[in-house]
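J.: Here it is: the structure, laid out below.
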Amino acid sequence: MCSQYFTQSWCRQREISWNIFQSQGLWLPTIPIPSTSSADDNAYSDVVLRELESSIQSRPSDWITTIRLALHYFMSRDLDIMESLLRRFVQSDIAELGEYGSPLLHLAVRVDAVDVIRALLVKGADVHAADIIEDQTPLHAVRSAEAARALIEFGANVNALKRSTPLHLCISADIAEALLQNGADVNAPDNYYRSPALHTARSPGIVRVLLKYGADPLSKDRFGDTALHRAVSDEVAQCLMETCPELVYVKGALDGTPLHRRVADWSAETIRMVIRLGADVDAPNSDGDTALLRSHEFTGFLSNVEGVRVLIEAGAKVPLPKGDFLSATPLHETVSPPLMEYLLEHGFRPYVNIRLKTNDQTPLHVVAARDMALHKSWSVRLGNQGRRGGEPASSSTQYGGIAHLLEQSSLVPSVDLMKVLLKYGASPNIGDDEGDTPLHFVARNSVGHLENLDLLRLLLEAGADISARNSAGETPLHCAARTETVLEFLRLGADPTLADHQGVTILHNAWRFTGDCARIVKALTEHGADVDAADKQGSRPLHYACRGYGKSSLGLSQIQRWAQSTRFHQGTPHLQPTIFAAFENALPTVRALLDCRADIHAQNKAGETAVRVASRHPFGREVFRFLCARGADISEVPRPWWNFD
């Protein structure tokens, strides 16, 4: 793994804490998981050295400290001092390392400190103990053949099966050779796919070693896939095809050929090799999809025009759509404007307004949802960086923070993609399963807002309805997540007086704009918004700014809808940040509304004024005080149960 792995902020979440052992009296540092793609990871060494340097102060002179210092000097390449410490440790009268030996052995293995490994083993460290983080024995994590031989010499089980065997996880041909020379079963299956080590080989060298020791190149996992179906790397795929050309014909899961499964990952050169060996570019899988139409496989591949060109020049046909609703098409997945145009010029124009079966979204919806596109780009990038041969993806690859997503901004040229789609007839007014048009999606972008105004203008120039309503009756203006988006909508003629099906206007939700509540209120009222507009319950914007968010309340339901509509991933969104923002923004919103002459005495249909609403929850203390100071009538308001004096 390259040194950028630990220097870029989006990767530092891979660091894991070993300090769980502190409660057991063991002093261990916070260190990262090492790269599994290289046996020489300088970045990993730098991080561990930094952690060791910061944690060797004021520690007792015991054997644990001796080993820790030995590791420190190993990392700093002061090998003479390391050897002196290890001699002291080996010659000591320590009878038993107990529960502390195993974690330190794992630490030594992960940094490939072979001398420290041997010293710990001589003193009885448990060579079979699995670590509590990854459930692997030391032999699963070895980073050199020398370390593997040292562990085997002290009784390590070369066929130890956790999620997989050590052979499945080996990172070099030398390690594979050492394991196989000492009895590793070349065809032993892992616990997840029930596949042999050949399916997870990381390099052509490992492939050749495994085949030399009798690996079956045509072996299948429990889904029916072969090693070629699983080969993400071009080098590994080409090595497998050179060794066993018939692999290109084998059908696996869903009757898919290797070309179906890996068209997203392979280079144009590898795709040419598959075709040259006789693969049928139009062979359908059990869903009737050809390699060109493999939807969920296209991430990454569809930034590569050359790969698609190879398929089309080899005769791959683009069938006419079988209806208006399909699984994701290449147009839904590409992040390359030249490729988008190439596809539309070579048979995909009938797909330009095709909607997904799952949510009715067209390619234009996908491009408009820039936040989601950035999240997807980040997830794919992290998944590719952290991919471990054949293991299920870690949950750590699923979510990204704002800083992580912004790093992907230049990788998703949304404006150029939208221009291409509109040029070839994409409709800006098709609604998805919730009635949202692409303009609603653009309005909701928050993290990916840098190109939002250009996207907004493009859609309106193409005829998008600025007042289109979704199933909740919301216009794009209702959905706006950024101040500049609201201001641009107003400049282009959006009507701020329009209410959704609950009677809610954008002014009712001015609390959403942290730091800009006053500016939003002022801009909306200047463009005609009624500062005292009532929803179906008679609540004014002032009531909304003062409300609580208790269980089953209207406030909570609207918070949930807002959080759900702006989420980056599937599942239940976290509401606490949104609720916190609502409370934080209450006072500036109330002040701005009153400055615009909102009626402080207005009542909703339940007969409640804004000050009565604010009195119900302790987070309304400042708002309650402010309303009182501005003349709110509290004669009929029960004294709040909380004390703000």
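Start at 1 and count along the chain as shown; that gives each residue its number.
Placement of Cβ uses the backbone N, Cα and C atoms for every residue, glycine included.
TrEMBL feature annotations, pasted as is:
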- 100-132: repeat 'ANK' (REPEAT)
- 254-286: repeat 'ANK' (REPEAT)
- 434-471: repeat 'ANK' (REPEAT)
- 502-536: repeat 'ANK' (REPEAT)
J.: Which whole-number mean pLDDT does the model give the repeat 'ANK' (434-471)?
T.: 93
J.: According to DSSP, how is the repeat 'ANK' (434-471) divided among helix, strand and coil residues?
T.: 20 helix, 0 strand, 18 coil
J.: For a three-state summary based on DSSP, what are the helix, strand and coil counts in the repeat 'ANK' (254-286)?
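T.: Final tally across the stretch: 16 helix, 0 strand, 17 coil.
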